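Asker: I am attaching a structure below and will ask some questions about it afterwards.
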């Protein structure tokens, strides 16, 4: 048999075994990392299609390679769907990731040395919003803003810093923040100082698509997002912008940042955008929010407080909960490991003014999108929230909690058709 037509399990059993093991891990544990989700089988089929073979530098109708007539159709479908989904004038669906979408947007709007403002990483921002060792911190003069004592973005500080430093770009967005941002207020500040407003909605784009979170598109000059978090599609990025900025954005992506787009991923994005426009998706996003609120409410009860556990801002408006462990006997790493032990995957996360190192931290970021995609109901979320609360106590029964997790995982089978 030609190697071209040899199945993975025959051609490379080592890689196949690792893939099978990962499938088993996803099926048998509860995924609660806020930035992770489960892509529909149709999305994975598109991403694993023959489109992976095609080079297509350029844009639909304007390629530097022949034979692009079919990938042109696919990419235009993706563009049209995401524009309709968010009400955008322009969309570029080629960025390979959210970080590259942010980089391209900044390249389109800025020159090296220009001043930008973004939420401080330790207060919930993202690497690409101005971290010193990231491209954004190296190429631009970064003025970070912060959360106040209540754990929410201090808009008075944003306005003051903007007037003092006159940034060319203000970034509104986050990677670990449990509340909604006031996009109109950000735009007002941006207009007052002559800055562009860029919103990074990577985490909450699915909620926006479902009409359960304010849409930043009417307020921002540019909006970036990933396609795999709450949107639940393939791993990739998208840039939305005004029509006025379309040419700058496209040029910054290609040839500015990337060469050939990954058209198999673009196809998967197109499928994900169709899913995101469905009633099923909207219902799922509702359960995502409900699950996060149930979790937050469980972790502010007296028994959790007695264990030194608290919830930043006292609750959540989005798909994640930030747990503060500064008064607990556990640090973030230990808490992550303990939940992993019982079958729940989360990630340690810094809290504002965290006294511990970044690889240890004093907090956890816990999200509900993947479990909502899996079919979890309010009753299921109440059960998993109780398991988490019990696991974070000084004394816990690991075996009993593992059994409860297994019951939940078995109740909601994941990708049963993929089992060999």
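Each position is counted from 1, following the chain as shown.
Any Cβ shown, glycine's included, is placed from N, Cα and C.
So Swiss-Prot lists these for the protein:
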- 121, 125, 126, 127: (6S)-5,6,7,8-tetrahydrofolate binding site (BINDING)
- 228: site 'Plays an important role in substrate specificity' (SITE)
- 229: N6-(pyridoxal phosphate)lysine (MOD_RES)
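Describe the structural context of these features.
Answerer: Sequence-distant contacts (6 or more apart, same chain, Cβ under 8 Å) of residue 125 ((6S)-5,6,7,8-tetrahydrofolate binding site) comprise 118, 119, 131, 144, 173, 174, 175.
DSSP gives residue 228 (site 'Plays an important role in substrate specificity') a coil state; it is part of no helix or strand.
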Asker: Name them in sequence order: residues not among 121, 125, 126, 127 whose Cβ is within 8 Å of the mean position of the Cβ atoms defining the (6S)-5,6,7,8-tetrahydrofolate site.
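Answerer: Here the non-site neighbours turn out to be 118, 119, 120, 124, 128, 129, 130, 131, 134, 175.
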Asker: Looking only at C-alpha atoms, tell me how far residue 228 (site 'Plays an important role in substrate specificity') is from residue 126 ((6S)-5,6,7,8-tetrahydrofolate binding site), rounded to the nearest Å.
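Answerer: Given the Cα positions, residue 228 (site 'Plays an important role in substrate specificity') is 16 Å from residue 126 ((6S)-5,6,7,8-tetrahydrofolate binding site).
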Asker: Using Cβ atoms only, which residues of the same chain lie under 8 Å from residue 126 ((6S)-5,6,7,8-tetrahydrofolate binding site) while being at least 6 residues apart in sequence?
Answerer: 102, 118, 119, 173, 174, 175, 200, 202
Asker: Just to verify: the residue among 121, 127 with the fewest other Cβ atoms within 10 Å, which of the binding-site residues is it?
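Answerer: Among the binding-site residues 121, 127, the sparsest Cβ neighbourhood within 10 Å belongs to 127.
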